[in-house]
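Asks: Below are the structure tokens for one structure; questions will follow.
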Amino acid sequence: MALTPESPSSFPGLAAIGSSVPEPPGSPNATLNSSWASPTEPSSLEDLVATGAIGTLLSAMGVVGVVGNAYTLVVTCRSLRAVASMYIYVVNLALADLLYLLSIPFIVATYITKEWHFGDVGCRVLFSLDFLTMHASIFTLTVMSSERYAAVLRPLDTVQRPKGYRKLLALGTWLLALLLTLPVMLAMRLVRRGPKSLCLPAWGPRAHRAYLTLLFATSIAGPGLLIGLLYARLARAYRRSQRASFKRARRPGARALRLVLGIVLLFWACFLPFWLWQLLAQYREAPLAPRTARIVNYLTTCLTYGNSCANPFLYTLLTRNYRDHLRGRVRSPGSGGVRGPVPSLQPRARFQRGSGRSLSSCSPQPTESLVLAAAAPAGPALESPGDPA
């Protein structure tokens, strides 16, 4: 969805309900309405085909995505809740995707009828739900990336944290996302324009542009820079480990890192075009041709919903990584699931050799950690007493 009332790159529901009432060039929805043929005029065959295609595609994405995310929620809560301390983040991601996908029926209905049928409350809820779930997803991914970074490079810090801190972080991501969404939730209103209804914010074009720019910074630019920095440092640590002269064990945490990074990259691939389109519409003076604007709006809309549709496949791989690792710990004889020597900083390795057990056994929370059993000659820790995913 998009929220650009002064441009044709608008939220699909908004683009579908433009009014035929003439408006002055500076009005918020003047260029918006120009992106569609007047609702009083018969639709062309091309419009009918495009509407049918986009409606069918979004409906298919909705069915696949809802089933996939519901399956992820069930599997994660049943299989990992008692043993995997990071399960709450997977639940967060799947829940955000599920809520976002549940808006598809409203969007398809608006595309087909070119009329808003869901009242003032629908305007506020559906527009704000879009930004709420988007921010909840990227904030959760940022927290997960930070956790992986800390588990690999600062393992002792992870075992000293209280048991419920991850639940507090998960709740915090939703509260912060809600805080950023409140302005649009309060400002959206249903406005009558002739025979049609239109969802518009109460603020002016400048405030709207500033708000969208802020949301771009909080959902793409800021988290992107932070996650990029974390993974750059992790990549450097792994490169250093490749030069270390000791036998390395198989590290399930490396696979988990790649899966989390894959989810992050998929988010960027699907939402960056959407945001570039939104900002282009805000800062570009000359509007695109209505047909071009409509096509771009279709494509960016499908990309954002496609992200929530594809994510469950990566979530399944992530939870499977948890289960495989836990199964390996149970089957491993002897010292609590030790699978081989894993590099660490030398002082930490000496501590473990003296104690004869994993540092994670001192943690008050259940974890899925490996034992750091051998000292590296140099370089940062590459496995941690943290979780494998």
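Even glycines carry a Cβ here, placed using N, Cα and C.
Keep in mind that what you see is a predicted model, and the values were worked out from it rather than measured.
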Asks: Looking at Swiss-Prot, which one of CYS123, CYS302 makes a disulfide with CYS199?
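Replies: Within the candidate set CYS123, CYS302, Swiss-Prot assigns the bond with CYS199 to CYS123.
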Asks: Per the topological domain annotation in Swiss-Prot, are VAL121 and ARG148 located on the same side of the membrane?
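Replies: Topology check (Swiss-Prot): VAL121 vs ARG148, domain names differ.
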Asks: Mind checking which residues reach the transmembrane segment (125-146)? Cβ under 8 Å, same chain, six or more beyond either end.
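Replies: The answer is 1, 3, 11, 13, 86, 89, 92-93, 95-97, 99-100, 103, 106, 118, 169-170, 173-174, 176-178, 180-182, 184-185, 188, 199, 215, 218-220, 223, 226-227, 230-231, 260-261, 263-264, 267, 271, 304.
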Asks: Pull the DSSP breakdown for the topological domain 'Extracellular' (114-124) and write it out as helix, strand, coil residue counts.
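Replies: Across the topological domain 'Extracellular' (114-124), DSSP assigns the residues as follows: 6 helix, 0 strand, 5 coil.
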Asks: Mean pLDDT, the topological domain 'Cytoplasmic' (78-87)?
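Replies: Summarising the topological domain 'Cytoplasmic' (78-87) by its mean pLDDT gives 64.
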